[in-house]
Amino acid sequence: MDNTTVLTFTMTAYAVMKNYKSGIFTVFLLLYLLILMLNLVILMLIHQTKELHQPMNVFTFLLCLNQVYGSTALLPAVMALLLSTTYEMPVKCCLTQVYFLHTYASLEFCVLALMAYDRYLAICRPLHYHTIMSHSTMRKLVTLSVVYPNVAFLCYYSLTLQLTFCRRFIPKLYCVNMEVVKNSCSIPAHINIVGLLLILVLILPQLLMIIFSYVQISQVCRNLTRESQRRALKTCVPHLLSLLNYTIGGIFEISQTRFSMTHMVAEARIFMSLYFVILPSISNPVLYGLGTQLIRVNLLKLLMRHKIPLTKLSKTVRQS
């Protein structure tokens, strides 16, 4: 990056918000605080409750931790740019954000694939579940889901770091690799090929695991009683909704990166660009906090423990 011509990128999407920046800043600040609160509650609950140290809950822990990681990579930078008058981000900061956001998205899909595999084992092979999904296996899967997307993306990211930049405009609220590459002085032919290979590496194995898991689950459910089907599918609902959220966010992001969206109103483009981080970061802890019985029960216990001291305190204050 020593030969970098351009030192800052201008994020042009902020120009449409100049008349109501303070209101949007407040909304983003509240959303960020809400994301932190929801996810940290689930993280603290799983960490402190030994009863919850089971594979699916450990994967939920990793998912919520990733939501904090992704939202922290995005929202503080967005809020800082809203307070700016030039909407400029240093190239080094932009490249750092690229790494964080891309690894966030890749890790999210890896964890969702692990969750699908866990549901397959729990429903299709319940007698062998604890043998196959042992603590040792669980630790290996968690390690793999963290290391795999980081190493895979680094191979592509290293090519981006070698580029020099002669253009400075990014038509988004944040930095993504494709938009950064478009600003380079020259785009090497192999970078697009490596990018396509990266998509296959980061999507295909996980996608196949998810499809395999739910095909097997659907086949097993056909032979169950209606009540057993209902119980089995109920455990899959939070995961299926998380997958749906991820898919919608992915479609929005790919649509904006690959196609011209100038025909859409600016507010719709902003919503689409932020969906992939904000919506899952709010919905996932709610889905798994309320949709997973064991987490829900322990969450209620936690709330009740804190409710009693607060009640006593309020009575003492009234008496005094």
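Each residue, glycine too, has its Cβ placed from N, Cα and C.
The domain 'G-protein coupled receptors family 1 profile' feature in TrEMBL is assigned to 38-288. As a whole-number mean, the pLDDT of the domain 'G-protein coupled receptors family 1 profile' (38-288) in this prediction is 90.
Taken from TrEMBL, the feature transmembrane segment covers 24-46 (among others).
What TrEMBL records for 58-79 (among others) is transmembrane segment. With a threshold of 8 Å between CB atoms, the same-chain residues lying at least 6 positions outside the transmembrane segment (58-79) that come near it are 25, 28-29, 31-32, 35-36, 39-40, 42-43, 46-47, 89, 93, 97, 100-101, 104-105, 107-108, 111-112, 114-115, 118, 138, 142, 145-146, 173-174, 242, 274, 277-278, 280-281, 284-285, 288, 292, 295.
Summarising the annotation, TrEMBL assigns transmembrane segment to 99-120 (among others).
TrEMBL lists 141-159 (among others) with the feature transmembrane segment.
Taken from TrEMBL, the feature transmembrane segment covers 193-215 (among others). Nonlocal intrachain contacts for the transmembrane segment (193-215), taken as residues 6+ away from its ends with a CB within less than 8 angstroms of a stretch CB, comprise 106, 109-110, 112-113, 116-117, 119-120, 149, 152-153, 155-156, 159, 177-178, 236, 243.
The feature transmembrane segment is assigned by TrEMBL to 236-254 (among others).
The transmembrane segment annotation in TrEMBL covers 274-295 (among others).
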Handout entry: Intrachain residues whose Cβ lies under 8 Å of the transmembrane segment (274-295), provided they are six or more past its termini
Key = 31, 34-35, 38-39, 41-42, 45-46, 51-52, 54, 56-57, 60, 63-64, 67-68, 70-71, 74-75, 78, 101, 104-105, 108, 173, 235, 237-238, 241-242, 245-246, 248-250, 252-253
Fill in the blank from the handout: Long-range CB partners for the transmembrane segment (99-120) (under 8 A, at least six residues beyond its ends), listed in sequence order, are 55-56, 59-60, 62-63, 66, 69-70, 73-74, 133, 141-142, 144-146, 148-150, 152-153, 157, 174-177, 202-203, 205-207, 209-210, 212-214, 216-217, 235-236, 239, 242-243, 246, 250, 253, 276-277, 280
